């Protein structure tokens, strides 16, 4: 093992370990938050809250417009610190502009079900503010990751925000007789804003806040990011985005059941997301140094362990989800167990194959990634609409899961066609563990 590969593996282990801890805390916090919401708000407001949570996923995707993966690709390959600061500042400023323009539209889509109710305007404004805050903070997290600042990157993840906001909202739910949706979102906005302000202060050495950004520089950053946006948009719409579709097509109670299942199922793919966040920066540095074989080996080993853990999680979920849903949400939510398992199965495909997306990005095959994602999304949308309006929640869950799996398979085939060698999960679990945990080199 080379020195560079050993160093990359150490960064990967550190990043993945801390992100896993943060994700575990965040997943529990998200789950408990859904319990508080379902048990505190009525069906209309609970469904609206889940729609807002979905908006907090799609909003930053649109607001960053693929700039996050792009900055992770650029900064590790840039040897000059001032150039890195300039690139970071340009991407952060572009994120602020894009999110400020797009957040009101996303917020309106998320809160459309509240039109005609007294708290619609305040909920719309709060959702808009939180989307902008989340977009900028998540870009900072990507910038920290690109610099190799693992602790700062983890601290600005949305999992930490979920962990911080849970006790605040829980306290409001316990102490107030009838907390409103607007009040809970106000607490959410305050916590998210404080987290962003802290992150901006921490990032002052790595981001050029005072630089003057030319129009051409912004255009270049946005253009590169746009090519990755179709990938992020497709991944969102095929899972979390179906929550909006469920809110429009199903009754409030059924929509709440589907929304809860989709929200929890999306956490199953968290290991794949964590792996991508942890492995891409060091892999990009290895790739820039010409260590392409090492990159493929590292990504393949990560996919192997990721797949094994995800399979175990899905099996446990299939066995016990009905029991836990009933305890957490009440007897009426037991029917959501089938939806949860169906949606979670797609996580196995993501765990095994999505490392191909990482290598396509760091090898600058952005056009190929974008084209593949767009084609899969075009095929998915009419199927999802038909499933929701003519098939019901189970049909929508099957379509969503199949769409996510199809995207992973398609990107893997794209990598196989575009690169001499593509990463993939393998059966050598012991070897994967040994190589990823190795700290020596030879």
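Just so you know, glycine gets a Cβ as well, placed from its N, Cα and C.
Automated prediction, rather than curation, is the source of TrEMBL annotations.
Note that the structure is a prediction, hence the values are computed from the model and not measured.
As recorded in TrEMBL:
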- 21-41: transmembrane segment (TRANSMEM)
- 47-67: transmembrane segment (TRANSMEM)
- 88-115: transmembrane segment (TRANSMEM)
- 121-147: transmembrane segment (TRANSMEM)
- 159-176: transmembrane segment (TRANSMEM)
- 182-203: transmembrane segment (TRANSMEM)
- 228-246: transmembrane segment (TRANSMEM)
- 258-284: transmembrane segment (TRANSMEM)
- 305-329: transmembrane segment (TRANSMEM)
- 335-361: transmembrane segment (TRANSMEM)
- 373-390: transmembrane segment (TRANSMEM)
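Within the same chain, residues 50-51, 53-54, 57-58, 61-62, 64-66, 69-70, 109-110, 254-255, 258-259, 262-263, 265-266, 269, 343, 346, 357, 361, 366, 369-370, 373-374, 376-377, 380-381, 384-385, 388, 393, 396, 400, 403-404, 407, 411 sit at least 6 positions outside the transmembrane segment (228-246) and bring their C-beta atoms closer than 8 Å to a C-beta of that stretch.
Against the transmembrane segment (121-147), stretch 182-203 has more CB pairs under 8 A than any other of 159-176, 182-203, 335-361, 373-390.
Counting same-chain residues at least six beyond the ends of the transmembrane segment (88-115), those with a Cβ under 8 angstroms from any Cβ of the stretch are 44, 47-48, 51-52, 54-55, 58-60, 62-65, 67, 70-71, 75, 123-125, 127-129, 131-132, 135-136, 139-140, 143, 146, 181, 203, 206-209, 211, 213, 217-218, 221-222, 225, 244, 247. Outside the transmembrane segment (159-176), and at least 6 residues removed from its termini, the chain residues within Cβ reach (under 8 Å) are 22-23, 25-27, 29-30, 32-33, 36, 39-40, 134, 137, 183-184, 187-188, 190-192, 195. Packing against the transmembrane segment (305-329) from elsewhere in the chain are residues 31, 34-35, 38-39, 260, 268-269, 271-272, 275, 336-337, 340-341, 344-345, 347-348, 350-352, 425, 429, 432-433, 436: each is 6 or more residues past its ends and has a CB under 8 Å from a CB in it. Looking at which of 21-41, 182-203, 258-284, 373-390 has the most CB pairs under 8 Å to the transmembrane segment (47-67), the answer is the stretch 258-284. Only pairs six or more apart in sequence are counted, and the transmembrane segment (258-284) with the transmembrane segment (182-203) gives fewer than three Cβ pairs under 8 Å, not enough to call it a contact.
Between the transmembrane segment (21-41) and the stretches 182-203, 335-361, 373-390, it is 182-203 that has the most C-beta pairs under 8 angstroms. Panel annotation: around the transmembrane segment (182-203), residues 37, 40-41, 49, 52, 88, 119, 122-123, 126-127, 129-130, 133-134, 136-137, 140-141, 143-144, 152, 155-156, 160-161, 164-165, 168-169, 172-173, 176 of the same chain, lying at least six beyond its termini, place a Cβ under 8 Å from a Cβ of the stretch.
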